[in-house]
Amino acid sequence: MFLLPRFVLVSCIIGSLGFDNPPTNVVSHLNGDWFLFGDSRSDCNHVVTTNPRNYSYMDLNPALCDSGKISSKAGNSIFRSFHFTDFYNYTGEGQQIIFYEGVNFTPYHAFKCTTSGSNDIWMQNKGLFYTQLYKNMAVYRSLTFVNVPYVYNGSAQSTALCKSGSLVLNNPAYIAREANFGDYYYKVEADFYLSGCDEYIVPLCIFNGKFLSNTKYYDDSQYYFNKDTGVIYGLNSTETITTGFDFNCHYLVLPSGNYLAISNELLLTVPTKAICLNKRKDFTPVQVVDSRWNNAMQSDNMTAVACQPPYCYFRNSTTNYVGVYDINHGDAGFTSILSGLLYDSPCFSQQGVFRYDNVSSVWPLYPYGRCPTAADINTPDVPICVYDPLPIILLGILLGVAVIIIVVLLLYFMVDNGTRLHDA
């Protein structure tokens with residue numbers, strides 16, 4: 001029993017001599033069941049096409065290029081592919097999901113639907129989209145895109161109403177006004193179908209303001225009706241502003257089924273693409289690496305806003321992004337963050353990744369995995385080790401009981417042996 005305090009004391013001395021096990025600013029994984037979604041900074045195929053071939057273009061270690069655990073596309077992002085004609089079919093599956101993308105839709109692109117629109121609304125949309133994506137990928141293994149087929153019984157076609165620069169919105173699709181309608185005060189519908197996935201992320205969007213057309217102002221109104229369950233999802237314009245508004249989107253998580261898209265005023269919108277979520281898993285927080293430009297170009301913090309514990313851990317560099325290939329590709333700080341993908345780690349937390357699961361100087365917040373259960377609390381001069389007392393108390397009780405049993409047995413056999421000798 002006297003060995004236990006000495007063991008604790010020795011452990012404290014070892015800790016004071018240098019073992020610290022702090023959380024590290026990396027993304028990593030518990031085992032080989034992981035997947036990364038990214039852009040040019042992790043697009044090995046894009047590197048192959050550069051002339052000369054130059055891996056300094058990436059923040060990803062090239063040793064991971066043949067891992068089969070990466071879905072990345074130069075110049076793209078999941079949000080960009082979700083809404084616009086500039087499309088890449090991000091596809092991947094894993095227990096532990098990592099995202100390092102988003103920079104290819106920022107204030108630098110200054111997207112807005114109309115000349116009097118607002119890029120701020122689109123940054124808000126981006127934040128809402130990634131919030132939904134991160135939350136759901138904490139409970140789903142598989143992500144991919146699927147097309148959403150729809151049937152509209154009118155003669156009008158979809159129109160590219162919402163576009164800016166090289167970006168053209170095609171999800172949701174706008175159905176143009178029928179030729180026999182003199183204005184936009186009409187009701188119109190279209191059927192769409194979701195099948196083949198466990199759940200889907202789909203957009204439901206409206207112009208939240210007074211939309212002007214030919215001297216008339218319109219209030220947008222859009223609904224999705226699940227014909228199988230009777231559930232209806234809807235948005236109505238509530239703002240009275242006439243300028244500075246844009247396309248406000250909500251991102252719904254819907255089950256498979258037959259749906260009806262309904263517009264009571266202005267143009268009908270209907271989803272054409274969806275994030276396909278498959279294979280439910282035990283809750284596993286996703287990891288997100290900040291995706292931003294060099295300070296010479298304007299970035300946003302929407303992935304940071306979207307990534308909140310307990311479903312998401314956010315990792316960022318403390319310095320400006322300065323690449324070695326060019327200012328926006330090959331930054332040492334972000335390369336260091338991604339270097340954690342080269343090895344397994346036992347514990348993840350809001351503060352970072354722990355390399356060991358025994359003791360640490362920092363109590364992990366929102367821990368996941370096999371995490372340290374003890375911490376070194378350092379006063380200015382004296383290191384004090386603080387352990388979870390319950391295991392120590394229980395161990396002490398068990399040792400005490402064992403000693404008592406041993407003593408009782410020894411006394412029993414000594415008395416019994418003495419009796420036998422006396423009888424002889």
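Glycine is no exception: its Cβ is also placed from the backbone N, Cα and C atoms.
According to Swiss-Prot, the features are:
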| type | residues | note |
| --- | --- | --- |
| SIGNAL | 1-16 | signal peptide |
| REGION | 7-127 | region 'Esterase domain 1' |
| TOPO_DOM | 17-392 | topological domain 'Virion surface' |
| ACT_SITE | Ser40 | active site, nucleophile |
| DISULFID | Cys44-Cys65 | disulfide bond |
| CARBOHYD | Asn54 | N-linked glycosylation site |
| CARBOHYD | Asn89 | N-linked glycosylation site |
| DISULFID | Cys113-Cys162 | disulfide bond |
| CARBOHYD | Asn153 | N-linked glycosylation site |
| DISULFID | Cys197-Cys276 | disulfide bond |
| DISULFID | Cys205-Cys249 | disulfide bond |
| CARBOHYD | Asn236 | N-linked glycosylation site |
| REGION | 267-379 | region 'Esterase domain 2' |
| CARBOHYD | Asn301 | N-linked glycosylation site |
| DISULFID | Cys307-Cys312 | disulfide bond |
| CARBOHYD | Asn316 | N-linked glycosylation site |
| ACT_SITE | Asp326 | active site, charge relay system |
| ACT_SITE | His329 | active site, charge relay system |
| DISULFID | Cys347-Cys371 | disulfide bond |
| CARBOHYD | Asn358 | N-linked glycosylation site |
| TRANSMEM | 393-413 | transmembrane segment |
| TOPO_DOM | 414-424 | topological domain 'Intravirion' |
| CARBOHYD | Asn417 | N-linked glycosylation site |
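Classification of Ser40 (active site, nucleophile) by DSSP places it within a helix.
Residue counts for the region 'Esterase domain 2' (267-379) under DSSP, split into helix (H, G, I), strand (E, B) and coil, are 16 helix, 38 strand, 59 coil. Across the structure, the residue listed as 'active site, nucleophile' and His329 (active site, charge relay system) are spaced 8 Å apart at their Cα atoms. Applying an 8 A CB threshold to same-chain residues 6+ apart, the list for Cys307 (disulfide bond) reads Tyr130, Tyr134, Val286, Val288, Tyr313, Phe314. In terms of local Cβ density within 10 Å, Ser40 ranks first among the recorded positions Ser40, Asn54, Asn89, Asn153.
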